[in-house]
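The structure appears right after this line, and notes come after that.
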Amino acid sequence: MSSGQPSDSKEPRASPLREEEDEEESDEDRCSSRPSSPQAGRGGAGTQGSSSACDSLFSWICRRTVRRGPFVDPARDHFRTMTRLYSSMSPATDSVNLSTQTHGAVFNLEYSPDGSVLTVACEQTEVLLFDPVSSRHIKTLVDAHEDCVNNIRFLDNRLFATCSDDTTIALWDLRNLNSKVCTLHGHASWVKNIEYDTHTRLLVTSGFDGNVITWDTNRFTEDGCPHKKFFHTRYLMRMRLTPDCSKMLISTSSGYLLILHDLDLTQSLEVGSYRILRARRAPLSTECSAAGSSAGSRSGGSRHTNDSKTHPHREGLSPRNSLEVLTPEIPGERDRGNCITSLQLHPKGWATLLRCSSNMDDQEWTCVYEFQEGAPPRPPVSPRCSLRLTHYIEEANVGRGYIKELCFSPDGRLICSPYGYGVRLLAFDEHCAELTDCMPVRTALLREIRSIYSHSDVVLTSKFSPTHCQFASGCLSGRVALYQPHF
């Protein structure tokens, strides 16, 4: 009996999924009866008929692609799959236990871009390398530096850089780990993090000397590596580049956040003094940001931009490097002098993730700030975006004085945050949706997907694998734990 013909006989009602398949078949039958080209339908409605046929065909293809209802919608199915996977994350039975070694605390974790190598930056001058799938130890770089190793950054699948409190940066090649490729000298104090500009192929480092330095590693010689000071500010904590390398964000221990827009690393910048920088600082409030960018375009709102037309005392800034100075709002803290200890960026460049502590160091917060794009017309000299606090959550504040490094998942749906002796997986909503699909009108709490306590000491760092459903965490006593779905 044809699915398109009514029946007087009583039969069991088909399931919703079967009804949907029947609808598809009838759609397909209808589509096959339509003219396949304008020429075939020329005897009928002419051009208008062919246009209608094309529209109907397009509609049918759309229905064929995403179907109907919650049963076979690929997007919803993907959300559900991701939620189930990450909700079932548990410590792997063969996690790397390094607590018996003498390498000290784990300060940073970094996967290679292809996910084949996990590197560990250790307190006692060592760098450890592991196979994250088998948890097999590959190599220990003994005396990689003369002091604490703080950060690791891969330039590609084989080259990576490390930085240290010994004020140096070292380049390594996975194909030959017996010696460094080169050592870079230029900082006057502890070097805390490394970035890599894929457009200019410049290595970018920052340290507690307040300097951001660019390095042209492709021109390294026996006499050294060409480098120059790109930027300087006091109380510098962390520096990051957006995924498209169009912006640089700098966090400070005095609570302000610097954003350099339309980034051009080939030109050095000079900020005259910290007094001028403080004078330019403006609070970033939820009310101003939520009211829309129109208020900001009229009176500056929560943005305070540095440009030759808006600030006559602008010093040394080019049109390609406009400076925005913000004081991010911290929930529950009316005093704006907070310390921004950790700084990360959404993998798609939509938002920035901050870990902040209060002046009294008695509270810690994880906050997500959206980059405001597509605002109403502004003067062409003003920056293209600002920040708005969208999500936050209070942290355990265990292990005072230590920096806890958070991270986004590769798809940007989840945040892994050190939480006492474990980690928390946080999402923007209960479905692990994209940030753009669940943007709140008012500031909202991050949703806790899962808490995992697998360490015997304070967790200091965490990192998602770029290719596998896996993440890692490292603690103060030196143990590295790997987490995978458990069914």
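The backbone N, Cα and C atoms fix where each Cβ goes, glycine too.
Copied from TrEMBL, the annotated features are:
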type     : residues : note
REGION   : 1-51     : region 'Disordered'
COMPBIAS : 8-18     : compositional bias 'Basic and acidic residues'
COMPBIAS : 19-28    : compositional bias 'Acidic residues'
REPEAT   : 142-176  : repeat 'WD'
REPEAT   : 184-216  : repeat 'WD'
REGION   : 288-322  : region 'Disordered'
COMPBIAS : 289-303  : compositional bias 'Low complexity'
COMPBIAS : 304-317  : compositional bias 'Basic and acidic residues'
*Take the repeat 'WD' (142-176) and find every residue of the same chain, 6 or more past its ends, with a Cβ under 8 Å from one of its Cβ atoms.*
104, 107-114, 116-117, 119, 121-127, 129, 182-185, 187-196, 203, 205, 207, 215, 217
*Of the residues in the repeat 'WD' (184-216), how many are helix, strand and coil by DSSP?*
0 helix, 20 strand, 13 coil
_Segment-level pLDDT (mean, integer) for the repeat 'WD' (184-216)_ = 95
